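**Q** Mind looking over this structure? Questions follow.
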Amino acid sequence: MLSPGVESQLYKLPWVCENVAGIPVVLQSHIDCGSLLGHRAVYRMCFATAAFFFLFTLLMICVRSSQDPRAAIQNGFWFFKFLVFVGITVGAFYIPDGSFTNIWFYFGVVGSFLFILIQLVLFIDFAHSWNQRWLGKAEECNSRTWYAGLFFFTLLFYSLSIAAVTLLFIYYTQPNACYEGKAFIGLNLTLCVCISIIAVLPKIQDAQPNSGLLQASTITLYTMFVTWSALSNVPDQKCNPHLPYFGNGTVQTGAEGYATQWWDAPSIVGLIIFILCTFFISLRSSNHRQVNSLMRTEECPPILEATQQQQAVASEGRAFDNEQDGVTYSYSFFHFCLVLASLHIMMTLTNWYRPSETQKMISTWTAVWVKICASWVGLLLYLWTLVAPLLLPNRDFN
(Lines of atoms letter the chains of each structure in order from A and count residues from 1; the text may use other names and numbers.)
(Lines give C-alpha, C1' and ligand atoms only; values in the text may rest on other atoms or scores of the structure.)
Protein backbone atom coordinates (compact mmCIF):
# COMPACT_ATOMS: atom_id res chain seq x y z
CA MET A 1 0.00 0.00 0.00
CA LEU A 2 2.98 2.32 0.50
CA SER A 3 4.64 1.47 -2.82
CA PRO A 4 4.64 4.24 -5.47
CA GLY A 5 2.62 2.21 -7.97
CA VAL A 6 -0.21 1.45 -5.54
CA GLU A 7 -0.25 5.03 -4.21
CA SER A 8 -0.61 6.38 -7.75
CA GLN A 9 -3.61 4.11 -8.34
CA LEU A 10 -5.18 5.09 -5.03
CA TYR A 11 -4.84 8.72 -5.99
CA LYS A 12 -7.09 8.19 -9.00
CA LEU A 13 -9.98 7.12 -6.80
CA PRO A 14 -12.56 9.89 -6.34
CA TRP A 15 -12.96 9.59 -2.54
CA VAL A 16 -9.37 9.63 -1.35
CA CYS A 17 -9.01 13.42 -1.35
CA GLU A 18 -12.57 14.32 -0.34
CA ASN A 19 -14.00 15.08 3.07
CA VAL A 20 -16.95 13.31 4.62
CA ALA A 21 -19.48 15.39 2.67
CA GLY A 22 -17.81 14.49 -0.62
CA ILE A 23 -16.54 18.01 -1.21
CA PRO A 24 -12.98 18.12 -2.59
CA VAL A 25 -10.49 19.18 0.04
CA VAL A 26 -8.45 22.27 -0.81
CA LEU A 27 -4.84 21.33 -0.19
CA GLN A 28 -1.65 23.34 -0.27
CA SER A 29 -0.26 21.08 -2.95
CA HIS A 30 -0.81 17.84 -4.80
CA ILE A 31 1.79 16.22 -2.55
CA ASP A 32 -0.16 16.54 0.70
CA CYS A 33 -2.98 14.26 -0.40
CA GLY A 34 -0.62 11.73 -1.92
CA SER A 35 1.26 11.42 1.35
CA LEU A 36 -1.94 10.29 3.05
CA LEU A 37 -3.07 7.57 0.68
CA GLY A 38 -0.68 4.77 1.54
CA HIS A 39 -0.93 5.57 5.25
CA ARG A 40 -4.73 5.42 5.16
CA ALA A 41 -4.57 2.07 3.39
CA VAL A 42 -2.06 0.69 5.93
CA TYR A 43 -4.33 1.83 8.78
CA ARG A 44 -7.24 -0.09 7.27
CA MET A 45 -5.23 -3.22 6.50
CA CYS A 46 -3.86 -3.35 10.04
CA PHE A 47 -7.29 -2.59 11.48
CA ALA A 48 -8.52 -5.70 9.68
CA THR A 49 -5.72 -7.91 11.05
CA ALA A 50 -6.09 -6.49 14.57
CA ALA A 51 -9.88 -6.98 14.49
CA PHE A 52 -9.46 -10.54 13.21
CA PHE A 53 -7.03 -11.53 15.96
CA PHE A 54 -9.04 -9.69 18.62
CA LEU A 55 -12.09 -11.70 17.59
CA PHE A 56 -10.11 -14.90 18.19
CA THR A 57 -8.72 -13.51 21.44
CA LEU A 58 -12.29 -13.31 22.76
CA LEU A 59 -13.33 -16.59 21.17
CA MET A 60 -10.45 -18.58 22.72
CA ILE A 61 -10.74 -17.34 26.30
CA CYS A 62 -10.48 -20.21 28.82
CA VAL A 63 -9.74 -22.97 26.30
CA ARG A 64 -8.04 -25.53 28.56
CA SER A 65 -7.54 -28.54 26.27
CA SER A 66 -8.18 -29.79 22.77
CA GLN A 67 -11.38 -31.40 24.06
CA ASP A 68 -12.97 -27.94 24.02
CA PRO A 69 -14.96 -27.53 20.76
CA ARG A 70 -13.35 -24.11 20.23
CA ALA A 71 -9.92 -25.78 19.96
CA ALA A 72 -11.01 -27.22 16.63
CA ILE A 73 -11.48 -23.67 15.35
CA GLN A 74 -7.99 -22.75 16.55
CA ASN A 75 -6.36 -25.71 14.81
CA GLY A 76 -8.55 -26.05 11.73
CA PHE A 77 -11.22 -24.43 9.52
CA TRP A 78 -8.48 -22.51 7.69
CA PHE A 79 -10.56 -21.76 4.59
CA PHE A 80 -13.32 -20.16 6.64
CA LYS A 81 -10.87 -18.20 8.77
CA PHE A 82 -9.18 -16.75 5.71
CA LEU A 83 -12.62 -15.99 4.29
CA VAL A 84 -13.53 -14.06 7.46
CA PHE A 85 -10.23 -12.19 7.31
CA VAL A 86 -10.76 -11.18 3.68
CA GLY A 87 -14.28 -10.02 4.53
CA ILE A 88 -13.05 -7.86 7.41
CA THR A 89 -10.32 -6.40 5.18
CA VAL A 90 -12.76 -5.46 2.43
CA GLY A 91 -15.12 -3.96 5.00
CA ALA A 92 -12.30 -1.92 6.53
CA PHE A 93 -11.83 0.00 3.28
CA TYR A 94 -15.48 1.11 3.43
CA ILE A 95 -15.11 2.73 6.85
CA PRO A 96 -15.76 6.48 6.44
CA ASP A 97 -12.54 8.40 6.98
CA GLY A 98 -13.84 11.05 9.39
CA SER A 99 -12.09 10.66 12.73
CA PHE A 100 -11.28 6.96 12.21
CA THR A 101 -7.61 7.49 11.35
CA ASN A 102 -7.02 9.85 14.27
CA ILE A 103 -8.68 7.52 16.80
CA TRP A 104 -6.98 4.42 15.42
CA PHE A 105 -3.62 6.20 15.68
CA TYR A 106 -3.92 6.24 19.49
CA PHE A 107 -4.94 2.58 19.55
CA GLY A 108 -1.77 1.94 17.57
CA VAL A 109 0.32 3.95 20.04
CA VAL A 110 -0.87 1.91 23.03
CA GLY A 111 -0.58 -1.44 21.26
CA SER A 112 2.87 -0.67 19.91
CA PHE A 113 4.06 0.42 23.36
CA LEU A 114 3.02 -2.96 24.78
CA PHE A 115 4.59 -4.86 21.89
CA ILE A 116 7.91 -3.02 22.36
CA LEU A 117 7.90 -4.33 25.95
CA ILE A 118 7.17 -7.85 24.72
CA GLN A 119 10.08 -7.52 22.31
CA LEU A 120 12.34 -6.55 25.18
CA VAL A 121 11.22 -9.52 27.27
CA LEU A 122 12.00 -11.78 24.32
CA PHE A 123 15.45 -10.23 23.97
CA ILE A 124 16.12 -10.75 27.68
CA ASP A 125 15.04 -14.38 27.41
CA PHE A 126 17.08 -14.89 24.25
CA ALA A 127 20.21 -13.45 25.87
CA HIS A 128 19.75 -15.56 29.03
CA SER A 129 19.25 -18.75 27.00
CA TRP A 130 22.19 -17.93 24.74
CA ASN A 131 24.51 -17.26 27.69
CA GLN A 132 23.38 -20.38 29.57
CA ARG A 133 23.78 -22.64 26.52
CA TRP A 134 27.28 -21.43 25.65
CA LEU A 135 28.45 -21.63 29.28
CA GLY A 136 27.14 -25.20 29.37
CA LYS A 137 29.03 -26.03 26.17
CA ALA A 138 32.21 -24.52 27.64
CA GLU A 139 31.93 -26.71 30.74
CA GLU A 140 31.12 -29.86 28.77
CA CYS A 141 33.90 -29.45 26.22
CA ASN A 142 36.36 -27.87 28.65
CA SER A 143 37.17 -25.40 25.91
CA ARG A 144 37.80 -21.67 26.04
CA THR A 145 36.36 -21.18 22.57
CA TRP A 146 32.85 -20.73 23.96
CA TYR A 147 34.08 -18.17 26.48
CA ALA A 148 35.86 -16.35 23.64
CA GLY A 149 32.61 -16.35 21.68
CA LEU A 150 30.67 -14.84 24.58
CA PHE A 151 33.38 -12.23 25.06
CA PHE A 152 33.40 -11.39 21.34
CA PHE A 153 29.64 -10.82 21.07
CA THR A 154 29.52 -8.89 24.34
CA LEU A 155 32.30 -6.62 23.07
CA LEU A 156 30.59 -6.32 19.68
CA PHE A 157 27.25 -5.30 21.19
CA TYR A 158 28.84 -2.72 23.46
CA SER A 159 30.92 -1.37 20.56
CA LEU A 160 27.79 -1.01 18.43
CA SER A 161 26.03 0.71 21.32
CA ILE A 162 28.88 3.22 21.75
CA ALA A 163 28.89 3.85 18.00
CA ALA A 164 25.11 4.37 18.10
CA VAL A 165 25.39 6.91 20.93
CA THR A 166 28.08 8.79 19.02
CA LEU A 167 26.02 8.89 15.81
CA LEU A 168 22.90 9.95 17.71
CA PHE A 169 24.75 12.92 19.20
CA ILE A 170 26.16 13.84 15.77
CA TYR A 171 23.00 13.58 13.67
CA TYR A 172 20.16 14.20 16.13
CA THR A 173 21.51 17.06 18.24
CA GLN A 174 22.77 20.59 17.65
CA PRO A 175 25.17 22.60 19.85
CA ASN A 176 22.54 25.15 20.89
CA ALA A 177 19.35 23.17 20.31
CA CYS A 178 17.77 19.71 20.59
CA TYR A 179 17.96 19.65 24.38
CA GLU A 180 15.31 16.94 24.65
CA GLY A 181 17.31 14.64 22.39
CA LYS A 182 20.49 15.23 24.37
CA ALA A 183 18.63 14.43 27.60
CA PHE A 184 17.12 11.22 26.18
CA ILE A 185 20.46 9.95 24.83
CA GLY A 186 22.38 10.85 27.97
CA LEU A 187 19.79 9.39 30.34
CA ASN A 188 19.45 6.10 28.47
CA LEU A 189 23.23 5.80 28.22
CA THR A 190 23.52 6.32 31.99
CA LEU A 191 20.81 3.75 32.70
CA CYS A 192 22.51 1.20 30.44
CA VAL A 193 25.83 1.71 32.22
CA CYS A 194 24.10 1.25 35.58
CA ILE A 195 22.41 -2.04 34.65
CA SER A 196 25.68 -3.32 33.18
CA ILE A 197 27.44 -2.65 36.49
CA ILE A 198 24.60 -4.18 38.50
CA ALA A 199 24.63 -7.31 36.32
CA VAL A 200 28.19 -8.20 37.44
CA LEU A 201 27.92 -7.29 41.12
CA PRO A 202 28.99 -10.18 43.40
CA LYS A 203 25.61 -10.44 45.14
CA ILE A 204 23.80 -10.57 41.80
CA GLN A 205 26.23 -13.23 40.55
CA ASP A 206 25.67 -15.31 43.69
CA ALA A 207 21.90 -15.13 43.29
CA GLN A 208 22.00 -15.62 39.50
CA PRO A 209 25.20 -17.31 38.29
CA ASN A 210 24.04 -17.10 34.66
CA SER A 211 23.67 -13.34 34.80
CA GLY A 212 26.39 -11.50 32.91
CA LEU A 213 27.40 -8.80 30.49
CA LEU A 214 26.07 -10.61 27.42
CA GLN A 215 22.49 -10.02 28.55
CA ALA A 216 23.29 -6.44 29.59
CA SER A 217 24.99 -5.71 26.25
CA THR A 218 22.00 -7.09 24.34
CA ILE A 219 19.57 -4.93 26.31
CA THR A 220 21.87 -1.92 25.91
CA LEU A 221 21.97 -2.32 22.14
CA TYR A 222 18.17 -2.72 21.95
CA THR A 223 17.72 0.36 24.15
CA MET A 224 19.92 2.37 21.80
CA PHE A 225 17.78 1.21 18.89
CA VAL A 226 14.57 2.30 20.64
CA THR A 227 16.21 5.65 21.43
CA TRP A 228 17.17 6.04 17.77
CA SER A 229 13.63 5.16 16.72
CA ALA A 230 12.24 7.74 19.17
CA LEU A 231 14.54 10.52 17.95
CA SER A 232 13.55 9.79 14.36
CA ASN A 233 10.05 10.99 15.30
CA VAL A 234 11.08 14.33 16.84
CA PRO A 235 8.95 16.93 15.00
CA ASP A 236 11.83 19.36 14.52
CA GLN A 237 13.69 19.60 11.22
CA LYS A 238 16.90 20.70 12.96
CA CYS A 239 16.98 17.70 15.28
CA ASN A 240 15.66 15.01 12.94
CA PRO A 241 17.34 14.37 9.57
CA HIS A 242 14.68 11.75 8.73
CA LEU A 243 11.78 14.19 9.00
CA PRO A 244 10.24 14.78 5.55
CA TYR A 245 8.86 18.18 4.72
CA PHE A 246 5.44 18.25 3.07
CA GLY A 247 3.83 21.34 1.74
CA ASN A 248 5.56 24.08 -0.22
CA GLY A 249 9.02 22.62 0.44
CA THR A 250 10.93 20.03 -1.48
CA VAL A 251 9.95 16.40 -1.20
CA GLN A 252 10.71 13.40 -3.38
CA THR A 253 7.82 12.83 -5.78
CA GLY A 254 6.97 10.10 -8.20
CA ALA A 255 6.35 10.39 -11.92
CA GLU A 256 2.75 11.52 -11.47
CA GLY A 257 3.40 14.03 -8.72
CA TYR A 258 2.17 12.07 -5.72
CA ALA A 259 4.31 11.91 -2.62
CA THR A 260 6.69 8.98 -2.30
CA GLN A 261 7.29 8.32 1.41
CA TRP A 262 10.14 5.84 1.54
CA TRP A 263 10.78 4.08 4.84
CA ASP A 264 13.63 5.52 6.82
CA ALA A 265 16.39 3.44 8.37
CA PRO A 266 14.81 3.13 11.87
CA SER A 267 11.61 1.78 10.31
CA ILE A 268 13.50 -0.81 8.24
CA VAL A 269 15.48 -2.04 11.26
CA GLY A 270 12.30 -2.03 13.36
CA LEU A 271 10.54 -4.10 10.71
CA ILE A 272 13.32 -6.72 10.77
CA ILE A 273 13.23 -6.90 14.59
CA PHE A 274 9.43 -7.17 14.46
CA ILE A 275 9.58 -10.16 12.09
CA LEU A 276 12.18 -11.95 14.20
CA CYS A 277 10.23 -11.39 17.42
CA THR A 278 6.98 -12.52 15.85
CA PHE A 279 8.61 -15.79 14.79
CA PHE A 280 10.09 -16.06 18.28
CA ILE A 281 6.63 -15.69 19.86
CA SER A 282 5.07 -18.16 17.46
CA LEU A 283 7.60 -20.98 17.50
CA ARG A 284 9.46 -21.07 20.80
CA SER A 285 8.71 -22.04 24.37
CA SER A 286 11.23 -20.53 26.76
CA ASN A 287 13.65 -22.37 29.02
CA HIS A 288 12.74 -19.97 31.83
CA ARG A 289 9.56 -20.35 33.85
CA GLN A 290 9.29 -16.59 34.42
CA VAL A 291 9.07 -15.98 30.66
CA ASN A 292 6.71 -18.92 30.20
CA SER A 293 4.48 -17.44 32.91
CA LEU A 294 4.42 -14.12 31.07
CA MET A 295 3.94 -15.58 27.59
CA ARG A 296 1.51 -18.24 28.90
CA THR A 297 3.54 -21.14 27.47
CA GLU A 298 5.13 -24.20 29.04
CA GLU A 299 7.54 -26.93 28.06
CA CYS A 300 6.35 -30.51 27.87
CA PRO A 301 7.47 -32.56 30.87
CA PRO A 302 9.85 -35.46 30.18
CA ILE A 303 7.17 -38.11 30.81
CA LEU A 304 4.88 -36.49 28.29
CA GLU A 305 7.74 -36.26 25.79
CA ALA A 306 8.40 -39.98 26.16
CA THR A 307 4.73 -40.73 25.66
CA GLN A 308 4.71 -38.57 22.57
CA GLN A 309 7.71 -40.38 21.14
CA GLN A 310 6.01 -43.75 21.69
CA GLN A 311 2.85 -42.51 20.03
CA ALA A 312 4.84 -41.07 17.14
CA VAL A 313 6.55 -44.42 16.56
CA ALA A 314 3.26 -46.29 16.86
CA SER A 315 1.54 -44.02 14.39
CA GLU A 316 4.48 -44.20 11.96
CA GLY A 317 5.11 -40.49 11.93
CA ARG A 318 1.52 -39.33 11.64
CA ALA A 319 0.40 -36.28 13.63
CA PHE A 320 -1.42 -36.82 16.90
CA ASP A 321 -3.13 -34.65 19.49
CA ASN A 322 -0.77 -33.74 22.33
CA GLU A 323 -3.17 -31.30 24.02
CA GLN A 324 -5.94 -33.60 25.19
CA ASP A 325 -4.99 -33.08 28.84
CA GLY A 326 -4.06 -29.41 28.53
CA VAL A 327 -2.94 -26.86 25.98
CA THR A 328 0.78 -26.04 25.84
CA TYR A 329 0.11 -22.32 25.31
CA SER A 330 -2.73 -19.91 25.86
CA TYR A 331 -4.67 -19.61 22.60
CA SER A 332 -6.23 -16.35 23.73
CA PHE A 333 -2.96 -14.72 24.79
CA PHE A 334 -1.29 -15.84 21.56
CA HIS A 335 -3.92 -14.01 19.51
CA PHE A 336 -3.66 -10.99 21.79
CA CYS A 337 0.08 -10.83 21.05
CA LEU A 338 -0.79 -10.80 17.36
CA VAL A 339 -3.26 -7.96 17.96
CA LEU A 340 -0.39 -5.96 19.45
CA ALA A 341 1.86 -7.06 16.59
CA SER A 342 -0.69 -5.76 14.07
CA LEU A 343 -0.79 -2.39 15.80
CA HIS A 344 3.01 -2.28 16.02
CA ILE A 345 3.48 -3.05 12.31
CA MET A 346 0.94 -0.32 11.50
CA MET A 347 2.92 2.27 13.45
CA THR A 348 6.23 1.05 12.03
CA LEU A 349 5.10 1.18 8.40
CA THR A 350 3.66 4.68 8.82
CA ASN A 351 6.72 5.95 10.76
CA TRP A 352 4.41 6.78 13.70
CA TYR A 353 3.09 9.77 11.75
CA ARG A 354 -0.30 11.11 12.81
CA PRO A 355 -2.82 12.45 10.27
CA SER A 356 -3.53 16.12 10.94
CA GLU A 357 -6.56 18.27 10.19
CA THR A 358 -4.66 19.85 7.28
CA GLN A 359 -4.59 16.50 5.46
CA LYS A 360 -0.91 15.89 6.18
CA MET A 361 0.93 13.12 7.96
CA ILE A 362 2.87 14.75 10.80
CA SER A 363 5.32 13.47 13.36
CA THR A 364 4.38 14.14 16.98
CA TRP A 365 5.98 14.19 20.40
CA THR A 366 3.49 11.47 21.39
CA ALA A 367 5.47 8.90 19.41
CA VAL A 368 8.74 10.15 20.91
CA TRP A 369 7.55 9.89 24.51
CA VAL A 370 5.90 6.51 24.01
CA LYS A 371 9.12 4.99 22.68
CA ILE A 372 11.33 6.62 25.30
CA CYS A 373 9.00 5.50 28.11
CA ALA A 374 8.99 2.00 26.63
CA SER A 375 12.79 1.96 26.78
CA TRP A 376 12.69 3.05 30.45
CA VAL A 377 10.09 0.45 31.40
CA GLY A 378 12.10 -2.19 29.54
CA LEU A 379 15.26 -1.33 31.47
CA LEU A 380 13.29 -1.54 34.71
CA LEU A 381 12.01 -4.98 33.70
CA TYR A 382 15.57 -6.16 33.11
CA LEU A 383 16.69 -4.63 36.39
CA TRP A 384 13.88 -6.52 38.12
CA THR A 385 15.11 -9.82 36.66
CA LEU A 386 18.48 -9.07 38.29
CA VAL A 387 17.38 -7.98 41.75
CA ALA A 388 14.21 -10.07 42.21
CA PRO A 389 16.08 -13.11 43.67
CA LEU A 390 17.65 -10.81 46.28
CA LEU A 391 14.42 -9.03 47.18
CA LEU A 392 12.31 -12.22 47.21
CA PRO A 393 14.65 -14.91 48.57
CA ASN A 394 11.79 -17.32 49.33
CA ARG A 395 10.77 -17.61 45.70
CA ASP A 396 12.38 -20.06 43.27
CA PHE A 397 13.85 -18.20 40.25
CA ASN A 398 15.85 -21.10 38.81
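Glycine residues also receive a Cβ, built from the backbone N, Cα and C atoms like all the rest.
Here's the feature list from TrEMBL:
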- 41-63: transmembrane segment (TRANSMEM)
- 75-95: transmembrane segment (TRANSMEM)
- 101-124: transmembrane segment (TRANSMEM)
- 145-171: transmembrane segment (TRANSMEM)
- 183-201: transmembrane segment (TRANSMEM)
- 213-231: transmembrane segment (TRANSMEM)
- 265-283: transmembrane segment (TRANSMEM)
- 328-347: transmembrane segment (TRANSMEM)
- 367-392: transmembrane segment (TRANSMEM)
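For each listed feature, how buried is it and what is near it?
**A** Sequence-distant contacts of the transmembrane segment (75-95), counting only residues of its own chain at least 6 positions beyond either end whose CB sits under 8 Å from a CB of the stretch, comprise 41, 44-45, 47-49, 51-52, 55, 66.
Under 8 Å from some Cβ of the transmembrane segment (101-124) lie the Cβ atoms of residues 39-40, 43, 46-47, 50, 215, 218-219, 222, 226, 273-274, 277, 280-281, 291, 294-295, 337, 339-344, 346-348, 352, 354-355, 366-367, 370-371, 373-375, 377-378, 381-382, 385, all in the same chain and six or more residues away from its ends.
Same-chain residues lying 6+ beyond the ends of the transmembrane segment (213-231) with a Cβ under 8 Å from its Cβ atoms: 116, 119-120, 123-124, 126-128, 130-131, 150, 153-154, 157-158, 160-161, 164-165, 168, 172, 181, 184-185, 188, 191-192, 195-196, 199-200, 239-240, 266, 269-270, 273, 367-369, 371-372, 374-375, 378-379, 382.
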**Q** By Cβ distance under 8 Å, which residues at least 6 away from the ends of the transmembrane segment (145-171) in the same chain are close to it?
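**A** Cβ under 8 Å, 6 or more out: 131, 134-135, 137-138, 181-182, 185, 189, 192, 212-214, 217-218, 220-221, 224-225, 227-228, 231, 241.
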